[in-house]
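As given in Swiss-Prot:
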- His561, His565, Cys662, His666: Zn(2+) binding site (BINDING)
Amino acid sequence: MKSSAIRQSFLDFFASKGHTVVPSSSLVPGNDPTLLFTNAGMVQFKDVFTGQDTRPYSRAVSSQRCVRAGGKHNDLENVGYTARHHTFFEMLGNFSFGDYFKQDAIKYAWEYLTTVLKLPSEKLWVTVYAEDDEAYDIWHNDVGVPKARIVRIGDNKGARYASDNFWAMGDTGPCGPCTEIFYDHGPDVAGGPPGSPDEDGDRYIEIWNNVFMQFNRDEAGTMHPLPKPSVDTGMGLERISAVMQHVHSNYEIDLFQALIAAAARETNTHDLGNNSLKVIADHIRACSFLIVDGVIPGNEGRGYVLRRIIRRAIRHGYKLGARAAFFHRIVPDLGIAMGEAYPELVKAQTRVMDILRQEEERFFETIEHGMGILESELKKLVAGGVFDGELAFKLHDTYGFPLDLTADICREAGVAVDTAAFDAAMARQKAQARGAGKFKLGAGLDYAGEATTFHGYDTLAREASVLALYKDGSAVGELKEGDSGVVVLDHTPFYAESGGQVGDRGTLQSKQGAFEVEDTLKIQAQVFGHHGVVKTGSLAVGDSVLARVDETARARTMRNHSVTHLMHKALREVLGEHVQQKGSLVDSEKTRFDFVQPSPMTAAQIREVEARVNAEILVNTPTQARVMGIEDAQKTGAMMLFGEKYGDEVRVLDIGSSRELCGGTHVARTGDIGLFKIVSESGVAAGVRRVEAITGDNALAYLQAREQEIQQAAAALKAHPAELGAKLAQTLDHVRALEKDLERLKSKLAASAGDELVAQAADINGVKVLAARLDGIDAKGLRETADKLRDKLKSCALVLGTVADGKVSLIAAVTPDVTAKIKAGELVNVVAAQVGGKGGGKPDLAMAGGTDPGALPAALASVEAWVQSRLS
């Protein structure tokens, strides 16, 4: 039975039992900022289990894409070396939200395994929590499992309710016992039943876990029965596929065999049992689906985990002999294997391949050098030795080797890595980076007062009272003239930095003094900190102030923020729906927008985006902002940022034909933007491009400056601006013709100089020796002259030098019959050392440079004596 058929049969079975089939959620959890990746089927239902969310159904079934790599659940180092460890896997699960409980959950599991999949019942073992008599009785009395195949598992992890068969979401909250189902591979495989001393063997393999959430644990550890007990189950598709296909390793199932064959094809490997092929086959799934779900290789967070997985795959390909990008070419094979179940993979195939290829090409530039350093160091160590942590950090910092990749290679050689030294080197680098960065006061301030009420959508000036003052991070009662600090107000028109938009600046004016606001940041979610300096007088807690935003800066920022929405929509229309925002910065000067895009934008695409945005501006439609519930916002079709966590209420912004969620400040009508111009487009990471654009008076000033430059260039070329291109092409043709004439003249000059120099050559033991300075000649001319002199002098050793821009250039040439005694590299370095330089090359030709032109005459004069010493 193929993996795809098992997946579908599971969904169909539970659908027939009244379950709603719920699609797999993203690998990037949208409702849990503490979780790096979705690692279980229940993640998308977590808020339902905790009562923070409701669904229109009480029974659900899903096949959830999961990743375990990085953080608490990290299987990376075992992948490829064991039968069942993966970075990516699919979790089949059925869920009850206060509907059915143990009785039906157990019966459903048994019916699916024995009736649908037709597994022999005598091959199945079960475990229950030692105190869960209810589950035990259901298994034995209702299902009919013999007592000999039901194992009670107690608290085996050193604490009350700390057991393999007791599940908890955390130290507090929903929890409960679980029952696990095991498959017996038979006596030919080593290992004992669950709960026995030999349970870690491979004979008895867990295939399904049913968690019964029936308690809520409080901070005192007391268990309170939940009013609506729930069920959360999980069965790995790869494990049950191995059972159904009568193989012992997950890597032997149909899905993996296709990917292993593809990896072997791309690395030209004939041994299909090689562990490196298993690594590559596993990693292509994790990497491809992470990119599909919006993760881009980077240097932190999820992006760095993705980069580590990609580079681990590349390293295993390198180990198999690959010396160029190969990994991305396996993506189409993955599409064939899994595209029917996950059509989003096929839809994004080109983008996935492009991002992987770029990441591969980048790492292949450094992997050979890095591997050379690593392998050289390993040769010095014996098994059981320790690899230098400082060197591991150098491999990480200079050659892009993640620590776990270095550790992986060392592990194969029986060597450990000094991770403490690595961590210390990393900490030093981070400390230096922090020291070089700009420090901003903000979230660290200790404030426990009332919240700030924001009025900045409607007004730019507002009376307010000072609630708190801070100086050097500590609360104070007063700020005096010249003091820098932070002011907290009860009301404010100042927008605090959020959503990529910078904080407002302006003034706080009281009877006692004036405070210049340089920036506005959130100290807490609803508490605004006004950062700045007292310009005159003083400011005290309790003072009444007039808070006034800098109107010009705010207007420019609003134009730039509003146009970002229009640009985002235009980018998706011109480049494709794969465009997703990866970051933004909006201030009074520009908007900077980072987005998913595998290749640079063409000039035509940039012009098209500009045209679409400016067309929206010309229509001059009104902007509308509405506050509504998150579900209502979703129904409107408003665009939401991928992976962003939103509250129950959100602000939906309609501007032009764009509709997005946004809490920033915006223009009243699109026409207020005035003018839009993209000023730069560049790459910031593999698969991520950056556009910078300007609006309004800034855009006008930019275009006027470019126009002035064109007029000045036209005047210099004595041409009309409209004819500048043709005139420039004509001028360049003329320059190229002159350059060719110059090259011919230089060659003649070099030949003439060569003829004169032949007569200056000294004869030492039958070898012509020449050392001379040539002026007005470049490096190319120097070499041509040396070649001609060598031909004319026959048996010779010569050095020529020239000076340009305060730098010395040298060349040494030696005929083949002389290289046994005189090497050109040695000869040129004798001279170079005297002029403050060094060089190198072949035995018959070498070049060098120097920094001391004044020493050149004496250095050249020393050549004859040195040659004499080598020939005598």
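Using the three backbone atoms N, Cα and C, a Cβ is placed for every residue, glycine included.
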His666 (Zn(2+) binding site) in three-state DSSP notation: coil
Among His561, His666, the one of these binding-site residues whose Cβ has the fewest neighbouring Cβ atoms within 10 Å: His666
Number of other Cβ atoms within 10 Å of the Cβ of Cys662 (Zn(2+) binding site) across all protein chains: 25
Sorted by sequence, non-His561, His565, Cys662, His666 residues with Cβ within 8 Å of centre, Zn(2+): Met558, Ser562, Thr564, Leu653, Ile655, Glu660, Gly664, Thr665
Neighbourhood of His565 (Zn(2+) binding site) by C-beta distance under 8 A, where only residues 6 or more apart in the same chain count: Leu653, Ile655, Gly656, Ser658, Glu660, Cys662, His666
